[in-house]
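One structure is given below, encoded as structure tokens.
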Amino acid sequence: MTKVAVLGSGSWGTAFANVVADAGIAETVLWGRRPEIVEAINTKHENPDYLPGITLNPRLTATTDVAEAMAGADFTVIAVPAQTLRTNLAAWSEALDPGTVVVSLMKGIEVGTCLRMSEVIAEVLELPDHRIAVLSGPNLAREIAERQPATAVVACTDEQTAVRLQHLCKSPYFRPYTNTDVIGVELGGAVKNVIALAVGVAVGMGFGDNAKAALITRGLAETVRLAVALGADEHTLAGLAGLGDLVATCSSPLSRNRTFGEKLGSGMTVDEVIAETKQTAEGVKSSTSILELARAHGVEMPITEAVVAMMYHGLPPAEALLAFMSRSAKPERYGV
């Protein structure tokens with residue numbers, strides 16, 4: 001029987017492991033650091049800290065032993081905070097099954113290197129492209145854990161590998177599509193977090209749907225510009241991993257990035273938001289790396305630039321809005 005190991009027992013790791021268990025094709029093992037969460041999953045079929053009140057598939061088992069989880073896994077799915085990936089991979093590398101395909105559920109760009117998550121995996125584990133896949137799309141973890149209808153994109157340069165993973169996680173409520181454009185799929189997932197911060201700020205300032213629509217649309221434009229400059233297919237960004245993920249993340253109160261931005265827009269400082277939420281949204285962490293990539297490739301990303309200025313340079317949201325709205329007038333067409 002095919003085995004899928006999911007490393008990371010947070011909300012998304014747990015929800016995706018449950019999707020695979022519900023699909024019923026593979027043995028599914030979830031690894032987590034915290035013994036109390038692992039015990040709750042195994043005995044009560046619930047992750048009380050991250051997905052309280054949701055009953056998980058009893059076929060899903062959990063362990064604190066990463067070597068046990070990874071042993072013989074055909075697919076090793078990673079769902080940890082993006083900026084911890086490199087450190088975790090170094091610790092796990094010796095337990096990696098020689099034939100496993102490593103799958104990233106993470107949506108971020110590594111600070112310091114500006115590498116996508118699949119690039120970090122390739123570098124640390126020295127794996128070829130056909131053994132690395134990514135899964136992305138409009139995937140709010142709690143909705144999926146509640147078994148509400150959802151879609152996603154499985155991307156790998158080797159289409160057959162993507163198809164194999166697609167079959168393992170297809171269920172009555174979860175419909176994955178395949179793609180070979182790993183660059184486009186990953187960038188769509190990473191940049192949308194930054195745009196969601198901007199949308200959240202606008203909501204926090206009391207602005208309405210016109211402002212949100214403008215930020216989402218122009219945010220998509222700058223995402224496409226960067227992705228194409230890095231070798232992606234622009235059509236990927238019109239799909240689930242681009243527009244779909246962007247709309248979900250910018251629209252939902254379940255989105256950590258939108259929520260973070262909303263609190264900032266309502267008058268809180270970045271430090272106050274971090275203290276209240278006890279976490280830093282991934283878009284905050286990745287925004288500087290995304291802006292570095294943009295500048296290195298001569299890509300204009302005014303919304304991302306404004307987000308970085310607010311998050312790291314203390315620019316008040318009202319001034320960021322003024323700077324954005326005061327830019328020189330341009331025609332609306334691709335690449336401008």
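For all residues, glycine too, the Cβ spot is worked out from N, Cα and C.
Taken verbatim from Swiss-Prot:
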type: ACT_SITE; residues: Lys192; note: active site, proton acceptor
type: BINDING; residues: Ser11, Trp12, Arg33, Arg34, Lys107, Ala141, Arg256, Glu282; note: NADPH binding site
type: BINDING; residues: Lys107, Gly137, Lys192, Asp245, Ser255, Arg256, Asn257; note: sn-glycerol 3-phosphate binding site
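Sequence-distant neighbours of Arg33 (NADPH binding site) (same chain, six or more apart, CB under 8 Å from its CB) are Ser9, Thr64, listed in sequence order. Cβ crowding, taken as the number of other Cβ atoms within 10 Å, peaks at Lys192 among the recorded positions Arg34, Lys107, Lys192, Arg256.
Residue with the densest Cβ environment among the binding-site residues Asp245, Glu282: Asp245, by other Cβ atoms within 10 Å. Among the binding-site residues Ser11, Trp12, Arg34, Lys107, Ala141, Arg256, not one has its Cα within 10 Å of the Cα of Asp245 (sn-glycerol 3-phosphate binding site). In this entry, Ser11, Trp12, Arg33, Arg34, Lys107, Ala141, Arg256, Glu282 make up the residues listed for NADPH, with the farthest two CA atoms of the set 23 Å from each other. Between the CA atoms of Glu282 (NADPH binding site) and Ser255 (sn-glycerol 3-phosphate binding site) there is a gap of 11 Å. In three-state terms derived from DSSP, Gly137 (sn-glycerol 3-phosphate binding site) belongs to neither a helical nor a strand segment and is classed as coil. For the binding-site residues Ala141, Asn257, the greatest number of Cβ atoms within 10 Å around a candidate Cβ is found at Asn257. Of all residue pairs in the sn-glycerol 3-phosphate-binding list (Lys107, Gly137, Lys192, Asp245, Ser255, Arg256, Asn257), the one with the greatest Cα separation is 15 Å apart.
Shown are the binding-site residues Ser11, Gly137; the one with the most C-beta atoms within 10 angstroms of its own C-beta is Gly137. Closest by Cα distance to Ser11 (NADPH binding site), from the recorded positions Gly137, Lys192, Ser255, Asn257, is Ser255. When the recorded positions Lys192, Ser255, Asn257 are screened for a C-alpha within 10 angstroms of the C-alpha of Lys107 (NADPH binding site), the residues that qualify, in sequence order, are Lys192.
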